[in-house]
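*Asks:* Below is one structure. I have some questions about it.
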Amino acid sequence: MEENSNKFEQELKEIGQDRNQFPHISVEESLQEFDSFSNKIENESKQFGAQKDPESYMAGGETEEDFKLRKYFENSERMHLENGGNEKKMGVSIRNLTVVGLGADASVIADMSTPFFSILNFFKPSFWTKKTSTFDILHDVTTFCKDGEMVLVLGRPGAGCSTLLRVIANQTASYVSVKGDVRYGGIPSKEFERYRAESIYTPEEDSHHPTLTVRETLDFALKCKTPGNRLPDETKRSFREKVFNLLLSMFGIVHQADTIVGNEYVRGLSGGERKRLTITEAMVSSASITCWDCSTRGLDAASAFDYAKSIRIMSDTLHKTTIASFYQASDSIYNVFDKVCVLEKGRCIYFGPVGMAKQYFMSLGFDCEPRKSTPDFLTGVTNPQERIIKKGFEGRTPETSADFEAAWKNSDIYRDQLQEQKEYEELIERTQPKVAFVQEVKDENSKTNFKKSQYTTSFITQVVALTKRNFQLILNDKFGLFTKYLSVLIQAFVYSSVFYNMASDINGLFTRGGAILSAVIFNAFLSVGEMSMTFIGRRVLQKHKSYALYRPSALHIAQVVNDIPFTLLQVFLFSIIAYFMFGLEYDGGKFFIFSFTLVGASLACTALFRCFGYLCPSMYIAQNISNVFIIFMLTYSGYTVPIPKMHPWFSWFRHINIFTYAFKAIMANEFEGKEFNCLESAIPYGPAYQGSEFDAYRICPLGGIEQGSLYFKGEFYMDKTLRFKEGEMSQNVIIVYCWWIFFVICNMLAMEYIDHTSGGYTHKVYKKGKAPKMNDVEEEKQQNAIVANATNNMKDTLHMDGGIFTWQNIRYTVKVPGGERLLLNNIEGWIKPGQMTALMGSSGAGKTTLLDVLAKRKTLGVVEGDSHLNGRELEIDFERITGYVEQMDVHNPGLTVREALRFSAKLRQEPEVSLEEKFKYVEHVLEMMEMKHLGDALIGTLETGVGISVEERKRLTIGVELVAKPQILFLDEPTSGLDAQSSYNIIKFIRKLADAGMPLVCTIHQPSSVLFEHFDRILLLAKGGKTVYFGDIGEKSKTLTSYFERHGVRPCTESENPAEYILEATGAGVHGKSDVNWPETWKQSPELADISRELAALKEQGAQQYKIRSDGPAREFSQSTWYQTKEVYKRLNLIWWRDPYYTYGSFVQSALCGLIIGFTFWNLQGSSSDMNQRIFFIFEALMLGILLIFVVMPQLISQREYFKRDFASKFYSWFPFAISIVVVELPFIVISGTIFFFCSFWTAGLDKTSDSEQTFYFWFIFVIFLFFCVSFGQAVAAVCINMFFAMTLIPLLIVFLFLFSGVMTPPSSIPTFWRGWVYHLNPCRYFMEGIVTNILKTVDVKCSYEDMITFTFPKSYNTCQNYTSAFQSYGPSGYVESSILNGEPACSYCIYKNGEQYYKTLGWSDDNRWRNVGIIICFFVFNILMVILFVYLTRKGSR
């Protein structure tokens, strides 16, 4: 064994490690739990080794007890090398690195005035000479990391830690410029771009598909990263299973393998478990260089240490180069690393061995407090409020980042590191590790993959894996899938009933065209929903792209593969019902062509709308573009505007229109060879003309047909009326599929080369003129002075009136498949003024769940037990008077930081407090949170990369609660994701709140010793939601530690962190174990009995000490409903103003559609065909209104999520939000409607037949109709739980709107069932009646020669009047006049005499115009009531 030990030490030295730097780490002890898994691996190794040399794989024949995780990795690496593999030893060397970013004033918050100022600035000479503002994110940084080494990067927010990691990971696209020399094992950074998968960056936020399980998430990643050079006899499946089980065991998520991941809106893994999944997924990539950015966020201290040890072992054994940035690192984690790089304001102020860093800064004159961790000390020296200067060094220590950098570059350690870096680079030059690296990368590639590919697996393998994952995503949403196909079935029956069993006469001729076009439109509307799906999962795609898991184009191919079976089913369900109920030709071949064409059209439309999504940065831009295209495609399909009526400036569009080719193909399929008759409708008609002798003198009212032809073929109608060429059916079907392929290729290219995500990089934008100077020395001094002043004045501004809050026998049960699960088990405790209680436990112990229960945030499950405030039952105002800092940072992105804080203060502080005082307190909180310089910065979103960072969002979350001056404060991991200094400020601030009289409880994962000392009491939970300890912490934690020492735990040393000590003692962490059943021990302890007695005493004390309120009953909300409504409206109006994509998008859409429709129906005349064109003009305007529904739904759904968060904290009620989000749209709707009106009304020539009253009426009813459409979309969105469900439901509802409007099917032709109620309940019907009668009532029809139906008459009648007198006595519309045909006397019939005749055939009257306006307004009001109702019903989120 001694020989083995010596060999082990020798291996460590070869790797370049000095284990003496961290003697307290016991790898053997930390890896006991891997024994069972290791035994399995050992057996596999022995079986393989039996064929070769068994002793070489077992590291000298260690016993089973010695075979730990380290040995597993060592054996795996050894086996790999002996089978011809190569080592990937890729260190990183950086010299004189300067990274330049955009200055804070380079861009300002965009709003509706931005386009105007941009246009004005374009003509200013200064615009062309002004230089873009920039600043140095990193300045002249020189550092390196050898293969197998670990470097810890420390720094406060804004120091440049994340930027350094991104540059090392070769992700530099977000920066203005990157100067300096970066080499990877001797390979320049430019050349290393081809090995993207070998240097990865893992950002601090977690990006996953929330509906996938842990198993599905990791199995997919493994399928994409399964190497080609596996061990002999090792299949792809066995490799994946081995690595999957290993990683789940390493990070303690074995039991969560089949749990969905979840996110802030979907229940799933806890925050800590989700973080472990992020780490695990990154490790699957098997990169040579890994950069971890705050990867311990959300992990408890024990789990964070386990994670650090795991990457230590992998770095040692697999020669991984590891660079990590931790905001809060304990000494245990710190000592795992080899070197540390300390940054401040973009400058390197120390780089060298971890063991020398503390001494270096102490030599500069700084002192370290007892029990303060080294990482906290290293970052704290840069903060004037935290650093301690030794006596005798006053005025001699560095003050600014430039001073620290100068001191560093004058030090001996700096010169030593430069020398070591030079020697390392010389070693690289001699050994040329890149040769083995390049060969290994080639060998890892799949045999079916290109050798120079950046990806491990082939394109086909990627597509197969993505296809399976996409199927899982679809099938995991069973409710959405069910509702989609239910909607398809309902729509099929609705369409079929309207066009049921169409006759083979001339009336059936026209309705067949409408039915076929409706079938094409139906599939298009369903496809629109796919566009919004392209915006979901963009961050996941960006992450996977950076990991080189798959080509983005492979994702689209997989989506297309997924589309095919679901589209086939969708079209089959529709076709099997619609085709035969329509009464189309009962022919199997024709049914197949009908369905096959619809499938192609649906796939092509899906690809087209996805293309808009991929090309556009905003969903609203994409939706507006798609709406314009739908109007264009519908107008030029060949049905609403026949080809002879198309003007040359737009007629070209029919050649690139999917609808045109699909419509022509299905029309040809149905009409070719089919015979129609016009026996009943031939002119003249009536009993007097029924004899066979009159057949030769009657004519079908169909252009181009010969007199006497009462039967005709469908080809004749297609040729003469529609101008569709014969024999083009097959060609048109092929073209439809060609368009599909074309858009698929476009989408592949768009996904490969267009990336609208930021890759985790956030760029701040400020109000105009409010941007601070970046990394400026003077600005730095001013900021330090502000924080110092705020700290000194804290006590003067904090006045709290807290109470005693108790809870007893709290149990929380949720339903799970197969039964129920108890998450909290008889928890009891209290918080009272002046005390600060810590809530601790391992990840998944139930800390967040307990806070949710105590704060009355739970809406699901069963809560049992008693909670009392001041000895009394909780009242209706409890949520308002308590602050709850949640783990997830949910903020409205359209506000600035200061606006968000002021909004909270205005609505949650008592109404008696003046606005001036509220705003003054907001400024104080901004200063204390070190966010004064961010006050005018836009919050933004991480997806777009515009806004504040993850860490700044956490501080804002805390600030939003603090400005409300709550009486009780619950904080769920308030320091998670914050740096040590920010954490210290937060805890110190909270301590001040407690000292001022606020009771509070705070969950905390990784408290340093300094932070932990601020707490008075602790509630420690074990997994299963059971109490381990509740009581005082005591001076220097003696009371707490003595409890555990009394039950057999080793004593806690003076230098040890008590928080880490108790987590270790209770078996927390990934693989933590304890021989003591701590929950049972607590039940038997005398402390529990004391707790029970004190609880009873506190209830009585609270009831006596705190009088019943004298200001009347408790108020749920602080402010009146009117005040809430005013403030909510102002906020929403500001958000709309700052979203030009949304507001101007609707304006541009209205302008384009107005111009397209206006120029399509250019300068309409008085002929009968022009009157039909007037009807279709109005129908297109109606479709524009309907398409606006798609635009407004995402806005309400997204804003509702922010409302739920605000409502939970009782900012405002449901009514102010519901009414405000409707009213805020109205002015923008008026502008949109007016733009459309001006672009189309005069262009189409409608002014020639309209007086001023008719013109005003047209504008007014159109705007009112837009009010209805927008509010209808909002009402539907309010009903739906998510965007997918909304996009599934809305096509079904739109069918009723346009199908029963009286245009697609005349009212007399609508089936009695629908005509009896749906027709009369359809707002579009009243819109069409009002606007059609308004336009046509003054139109006198004078048929053109082409529109006249001319026919001869028997000579015995002498004159046309004699022949048609009987016909005219029947009261037909239109007029008859004498004419000449081929030199013979004839009659010419014009189908309409005036517009009134047309709309009277529909049962409409111009007397109902203003009545119809009133009815539409009633529908608008009804929609508002529906929005209010469903906002009320869904006001509480599911949690």
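Keep in mind that glycine also has a Cβ here, set from the backbone N, Cα and C atoms.
According to Swiss-Prot, the protein has these features:
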- 1-21: region 'Disordered' (REGION)
- 1-17: compositional bias 'Basic and acidic residues' (COMPBIAS)
- 117-370: domain 'ABC transporter 1' (DOMAIN)
- 475-700: domain 'ABC transmembrane type-2 1' (DOMAIN)
- 479-499: transmembrane segment (TRANSMEM)
- 516-536: transmembrane segment (TRANSMEM)
- 564-584: transmembrane segment (TRANSMEM)
- 589-609: transmembrane segment (TRANSMEM)
- 614-634: transmembrane segment (TRANSMEM)
- 734-754: transmembrane segment (TRANSMEM)
- 805-1049: domain 'ABC transporter 2' (DOMAIN)
- GLY841, SER842, SER843, GLY844, ALA845, GLY846, LYS847, THR848: ATP binding site (BINDING)
- 1141-1366: domain 'ABC transmembrane type-2 2' (DOMAIN)
- 1144-1164: transmembrane segment (TRANSMEM)
- 1175-1195: transmembrane segment (TRANSMEM)
- 1217-1237: transmembrane segment (TRANSMEM)
- 1256-1276: transmembrane segment (TRANSMEM)
- 1283-1303: transmembrane segment (TRANSMEM)
- 1413-1433: transmembrane segment (TRANSMEM)
*Asks:* Using a Cβ cut-off under 8 Å, which residues of the same chain at least 6 positions beyond either end of the transmembrane segment (1144-1164) come close to it?
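*Replies:* Residues packing against the transmembrane segment (1144-1164) from afar: 112, 115, 618, 620-621, 623-624, 627-628, 631-632, 635-636, 641, 646-647, 649-650, 1170, 1173-1174, 1176-1177, 1180-1181, 1184, 1188, 1191, 1228, 1231-1233, 1235-1246.
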*Asks:* Least buried of the binding-site residues SER842, SER843, THR848, going by other Cβ atoms within 10 Å?
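*Replies:* Lowest Cβ count within 10 Å among the binding-site residues (SER842, SER843, THR848) is THR848.
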*Asks:* Cβ within 8 Å of the ATP site's Cβ centroid: which residues qualify beyond GLY841, SER842, SER843, GLY844, ALA845, GLY846, LYS847, THR848?
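*Replies:* Other same-chain residues with Cβ inside the cutoff are SER270, GLY272, ASP300, THR849, LEU1021, LYS1023.
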*Asks:* Find the member of 516-536, 1175-1195, 1217-1237, 1256-1276 that has more C-beta pairs under 8 Å to the transmembrane segment (589-609) than any other listed stretch.
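*Replies:* By the under-8 Å Cβ criterion, the transmembrane segment (589-609) pairs most with 516-536.
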*Asks:* By a Cβ-Cβ criterion of under 8 Å, what residues six or more beyond either terminus of the transmembrane segment (614-634) are in contact with it?
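*Replies:* Sequence-remote neighbours of the transmembrane segment (614-634) are 521, 524, 528, 531-532, 534-535, 608, 640, 653, 657-660, 747, 750-751, 754, 756, 944, 1139, 1141-1142, 1145-1146, 1148-1149, 1152-1153, 1156-1157, 1180, 1183-1184, 1187-1188, 1190-1191, 1194-1195.
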*Asks:* Near the transmembrane segment (516-536), which residues from the same chain, at least 6 beyond its ends, have a CB less than 8 A from one of its CBs?
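*Replies:* Result: 488, 491, 495, 499, 570-571, 574, 578, 598, 601-602, 605-606, 608-610, 612-614, 619, 622-623, 626, 630, 633-634, 637, 639, 659, 662-663, 666-667, 670, 1190, 1194, 1283-1284, 1287-1288, 1290-1291, 1294-1295, 1299, 1304.
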*Asks:* With Cβ distances under 8 Å as the criterion, find the stretch in 117-370, 805-1049, 1141-1366 that has the most pairs with the domain 'ABC transmembrane type-2 1' (475-700).
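*Replies:* The stretch with the most close Cβ contacts to the domain 'ABC transmembrane type-2 1' (475-700) is 1141-1366.
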*Asks:* Under 8 Å between C-beta atoms and at least six apart in sequence, can you list the same-chain neighbours of LYS847 (ATP binding site), or say none if there are none?
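*Replies:* Expected: LEU839, MET840, GLY841, ASP972, THR1003, LEU1021.
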*Asks:* I'd like the number of other C-beta atoms within 10 A of the C-beta of GLY846 (ATP binding site), please.
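*Replies:* For GLY846 (ATP binding site), the 10 Å Cβ neighbour count is 25.
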*Asks:* Determine the mean pLDDT over the domain 'ABC transporter 1' (117-370), rounding to the nearest whole number.
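*Replies:* Overall, the domain 'ABC transporter 1' (117-370) comes to a mean pLDDT of 85.
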*Asks:* Specify the count of other C-beta atoms within 10 Å of the C-beta of GLY841 (ATP binding site).
*Replies:* 25
*Asks:* Over all shown protein chains, what is the count of other CB atoms within 10 A of the CB belonging to ALA845 (ATP binding site)?
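*Replies:* I count 26 other Cβ atoms within 10 Å of it.
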*Asks:* Name, in the order they occur in the sequence, the residues of the same chain whose CB lies under 8 A from the CB of GLY844 (ATP binding site) and which sit 6 or more residues away.
*Replies:* SER270, GLY272, GLU273, LYS1023
